[in-house]
Amino acid sequence: MKLSRMIDQLKLKRITGDLEIDISQIEIDSRKIEPGGMFICITGFQQDGHQYAEEAIRNGAAAIMAERFIPGVPPEVSLVIVPDTRRALPIIANAFYDNPSCGLRLIGITGTNGKTTTAHMVEHLLNASGRNAGSVGTLSMTYKDIQEEAVNTTPDPLRLQKFLRTIANAGAEYAVVEVSSHGLDMGRVLGCGFQTAAFTNLAHDHLDYHHHMDEYRGSKELLFSRLGNSVDDMQKTAVLNGDDAASAYYAKRTAAQVVTYGLGEDCHLRGIQVERAEQGTRFTIQTYTGDQYPVVLKVPGLHNVYNALAAAAICSCEGLSWDEITRGLQSFTGISGRFEDVSTGQDFNITIDYAHNPEGLKAALLTARECTSGKIICVMGCRGERDRLKRPVMAGIAADLADGVVFTSDNVYSEQIEDIFLDMRQGLSEQHLSKSEFVANRQDAILQAIHSANAGDRILITGRGHEKFLYTSDGLQQMSDADIVQSHMVRV
Ligand SMILES: CC(=O)N[C@H]1[C@@H](OP(=O)(O)OP(=O)(O)OC[C@H]2O[C@@H](n3ccc(=O)[nH]c3=O)[C@H](O)[C@@H]2O)O[C@H](CO)[C@@H](O)[C@@H]1O[C@H](C)C(=O)N[C@@H](C)C(=O)N[C@H](CCC(=O)O)C(=O)O
Ligand SMILES: Nc1ncnc2c1ncn2[C@@H]1O[C@H](COP(=O)(O)OP(=O)(O)OP(=O)(O)O)[C@@H](O)[C@H]1O
């Protein structure tokens, strides 16, 4: 594509060099630049991409986009200077991949918890009813047999727009995209035209990045404030959790039509008669006209009733019939690492769960209590280099709701586990400490919990869910919680 066409939509720019050169690739990593590509220098959180312009040129870059003049750029390499390359990136990516959102219906899901589960429920409902849907999120980017590894929950605009183009060309009609607050704040989805945007909940997390809950709430607002701003956008819908206080805030800030879901009486789509079923949860969806649709959900926990209601509301807005919605919900069997049973046939259960913030941990422990006749032994840790404030809160929740807790390491990154333990101890009373143990090595912690289990008990291993790597202070180690269990337990 001609450079001139790619940068056409950028308002503020200064250019030196030829505007009519063909650009064969856009890239933000100098190591991946191929001859004829354009390297975009990002001022990162760890490094300044501008220092890699020289390497990109050595690798054959035909153009450089930067935030400031870069000395030594040869005349045959075009230099485009913009005020903020991170903000320019989605516009460029959208142009380069020929506006993939135009050929797809995009559904965006944000919230502290439940994005992945809800997104996969929606994808499942759409595919089960014969629509062609792909998804983008924490687990991967997937459409039929196309699968790409996820680096972030919401990928950078290059990966995102490229994937959307690939699946649009492969016949996808829908893409269900998990939209993280980081993604919104960094403009990763600026090139996406969402038809429907949904909100699950707002709870304590990511205060290392957002500093304050108001700021965190404000970043998610961007998904809704950009919906329905023109006459053409009247069909757009904001699907909001009516039982979460933040929804009123988002409802005020969107021009799209608002549909609420939840258990509360005022919700447009209500979950009523919620009760535990043998394998999951039985409940009835009541629409605003009073129609009722019973559902038996195979995934347990009240939080999953909320996720199912969100998915039902989204799919109803997308035109699925109630028959398609209830059948799809009933055939949904869950996703990797979310309250996943990894038991090996012993007389106690072992479950892994991705809960890594206070609300998620509470949801996982309450669900465990619902499904367990014996004691609950929770294995948990808190991540290094992330929101320190949640450490004592999570430790307190674990010790309040479980019968025993083995505190251990999660991804500690460059921190020392003893420092993380110190933070967690702040949330523990004497009574809590009497049922707690601290075992730094995660594998030892899991095995210790297993050895302490009796018939009917459940070991709930939280924090890492589907993740296959553990980031220790010594580097990356291949280790999944499920593998630890499977490799040490004899299947009976
Ligand atoms: C803090 C943060 O979000 N950082 C994200 C950001 O990295 P960055 O731009 O700061 O990158 P950097 O490492 O400083 O490098 C700057 C630039 O130099 C370039 N570079 C670097 C080295 C080199 O040799 N050559 C080169 O060109 C890099 O490619 C980059 O363009 O942009 C990268 C590309 O888009 C992201 O992968 C990266 O996410 C990191 C891995 C991350 O951990 N992010 C978390 C906080 C995050 O975004 N999480 C949310 C979900 C949270 C949740 O809901 O649980 C998510 O959406 O994933
Ligand atoms: N609606 C919900 N409300 C509260 N907790 C939830 C909800 N849905 C899921 N959880 C809890 O959060 C954990 C993570 O769920 P899920 O992966 O669906 O959320 P997420 O928002 O995608 O998380 P992340 O952004 O961190 O990847 C689950 O394992 C469960 O313990």
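Note that the numbers count up from 1, one per residue, in the order the chain is shown.
Each residue, glycine too, has its Cβ placed from N, Cα and C.
Feature annotations, reproduced from TrEMBL:
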type	residues	note
DOMAIN	23-97	domain 'Mur ligase N-terminal catalytic'
DOMAIN	109-314	domain 'Mur ligase central'
BINDING	G111, T112, N113, G114, K115, T116, T117	ATP binding site
MOD_RES	K220	N6-carboxylysine
DOMAIN	337-465	domain 'Mur ligase C-terminal'
Arithmetic mean of per-residue pLDDT over the domain 'Mur ligase C-terminal' (337-465): 96
Spatial separation of K220 (N6-carboxylysine) from T117 (ATP binding site) - C-alpha basis, Å: 18
Cβ atoms near K220 (N6-carboxylysine) (within 10 Å, other residues, all chains): 25
Those residues of the chain, 6+ apart, with a Cβ under 8 Å from that of T116 (ATP binding site): G137, T138, L139, T153, E178, I335, R338, Y354
Residues in the domain 'Mur ligase C-terminal' (337-465) grouped by DSSP into helix, strand and remaining coil: 49 helix, 24 strand, 56 coil
Residue pair N113 (ATP binding site), the residue listed as 'N6-carboxylysine' - Cα distance, angstrom, rounded: 13
K115 (ATP binding site) to K220 (N6-carboxylysine) - Cα separation in whole Å: 13
For K115 (ATP binding site), the number of other Cβ atoms found within 10 Å of its own Cβ: 27
Protein Cβ atoms within 10 Å of G114 (ATP binding site), excluding its own: 27
Which of T112, N113, T117, all binding-site residues, has a Cβ with the fewest other Cβ atoms inside 10 Å: T112
For the ATP site built from G111, T112, N113, G114, K115, T116, T117, further residues of that chain with CB within 8 A of the site's CB center: I109, T118, E178, T200, N201, N307
DSSP state at G111 (ATP binding site), helix/strand/coil: coil
K220 (N6-carboxylysine) and T112 (ATP binding site), distance between Cα atoms, whole Å: 10
